[in-house]
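Engineer: Shown below is the structure under consideration.
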Amino acid sequence: MSAPTTSSSTDEDFAKPVKNGKTFANPKSFTNWGGIPGISDGFKFAFTETNHENVPCDKKILDVEIPVHNITADDFHSESDLFATWLGHATVLVDLEGVKFVTDPVWADRASFTSFAGPKRYRPPPMKLEDLPDLDFAVVSHDHYDHLDADAVKKITDRNPQIKWFVPLGMKKWMEGQGIGVDGSSTAVTELNWGESSEFVKNGKTYTIWCLPAQHWGQRGLFDRNHRLWSGWAVIGENRRFYYSGDTGHCDGEFKKFGEKLGPFDLAAIPIGAYEPRWFMKSQHINPEEAIEVHKLIRAKNSIGIHWGTYHMGSTEYYLEPRDKLKELMDAREDLKNTSFVTIEMGRIWEASDQ
């Protein structure tokens, strides 16, 4: 049985967000943070930038370029003590030493508050929500619609009433608004600040879940900008370590701390897409080159590139550029094994091979 503890610990060496009344902000130590693009930036983007995304309308072409391999819970298995599959965008299903969890579960056709506008999904998830294996817990990085899908959160909880949700500060109230973690519910929601951790116990094994700094922002409605914190996550088992960055700009000092204090990581899930134009996206989304630096700084043995090839995100890079650029850059690195940071096809199983 899974039995989350209520104890938590804090590492003061990690950066802390700035709290301004009801809202959060990135700290001044995040020197690459240039702020959230404003209205004038939006007009400049709309009228001066050319969209090079060019996603084909032909499904047959997409099936070749970005294959989706349909799987069920029965297919999600391995002899390895660490394996994972990419379910599209930032959703990664992981089995780490027998505990199963998912990052930012999103199944929506549109990453939006409405079904007729907003970022449209052009590659389907390889696994239906009802085909997920039994989950022990889930981590949510922030409240943007491409990372927090209310329908998926509720359906996962309905199927896994004992699941534990780990969320950054301010998000517990949102979860309770969905009926999750309220009085009388067997589902637990643990809200953490950057540098805080909580323990999860299953079958006598203890797993430590860390909430980690990320350079980003949050908003779901017109009047709730930055009311809920954003974060990355680390899951530490007895022998295996996993890191998920969430959406982030490049705050290299923090990434180095993650590697020194919690690494080396056996597997990391790092975003590589939605990064052009740089003047607009750099503060909030790393590009493939910066993703490789994150991979190195956190001392990841293996990383999977995510946050690409799923939704029309509004960025202007060619839709396959994140994958192709990552491979090109990794092939050119002499200090890193070129297979240590790769992309995988949706539904394919990645497994640690260093048993």
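Note: Cβ is positioned from N, Cα and C throughout, glycine not excepted.
Here's the feature list from Swiss-Prot:
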- His142, His144, His216, Asp247: Zn(2+) 1 binding site (BINDING)
- Asp146, His147, Asp247, His307: Zn(2+) 2 binding site (BINDING)
Engineer: With H, G and I counted as helix, E and B as strand and the rest as coil, say where DSSP puts His142 (Zn(2+) 1 binding site).
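Structural biologist: Coil, per DSSP.
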Engineer: Other residues near the Zn(2+) 2 site, CB within 8 A of the CB centroid of Asp146, His147, Asp247, His307?
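Structural biologist: The surrounding set, listed in chain order, is His89, Ala90, Asp104, Ser141, His142, His144, Gly246, Pro271, Ala274.
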Engineer: If you measure Asp146 (Zn(2+) 2 binding site) to His216 (Zn(2+) 1 binding site) at Cα, how many Å is it?
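Structural biologist: Checking the Cα atoms of Asp146 (Zn(2+) 2 binding site) and His216 (Zn(2+) 1 binding site) gives a distance of 14 Å.
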Engineer: Return the count of C-beta atoms lying within 10 angstroms of the C-beta of Asp247 (Zn(2+) 1 binding site), excluding that atom itself.
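Structural biologist: Result for Asp247 (Zn(2+) 1 binding site): 25 other Cβ atoms within 10 Å.
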Engineer: Within 10 Å of the Cβ of Asp146 (Zn(2+) 2 binding site), how many other Cβ atoms are there?
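Structural biologist: Result for Asp146 (Zn(2+) 2 binding site): 24 neighbouring Cβ atoms inside 10 Å.
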Engineer: For His144 (Zn(2+) 1 binding site) and His307 (Zn(2+) 2 binding site), determine the Cα separation and express it in whole Å.
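Structural biologist: Cα of His144 (Zn(2+) 1 binding site) to Cα of His307 (Zn(2+) 2 binding site) measures 13 Å after rounding.
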Engineer: Expressed to the nearest Å, what is the distance separating Asp247 (Zn(2+) 1 binding site) and His147 (Zn(2+) 2 binding site) at their Cα atoms?
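Structural biologist: With the alpha carbons as reference points, the distance is 9 Å.
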Engineer: Do you know offhand how many angstrom separate His216 (Zn(2+) 1 binding site) and His147 (Zn(2+) 2 binding site) by C-alpha?
Structural biologist: 13
Engineer: Excluding His142, His144, His216, Asp247, please set out which residues of the same chain place their CB within 8 Å of the center of the CB atoms of the Zn(2+) 1 site, keeping sequence order.
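Structural biologist: Neighbours within 8 Å of the Cβ centroid, excluding His142, His144, His216, Asp247: Ser141, Asp143, His147, Ala214, Trp217, Gly218, Trp230, Gly246, Thr248, Gln284.
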Engineer: How many other Cβ atoms sit within 10 Å of the Cβ of His142 (Zn(2+) 1 binding site)?
Structural biologist: 28
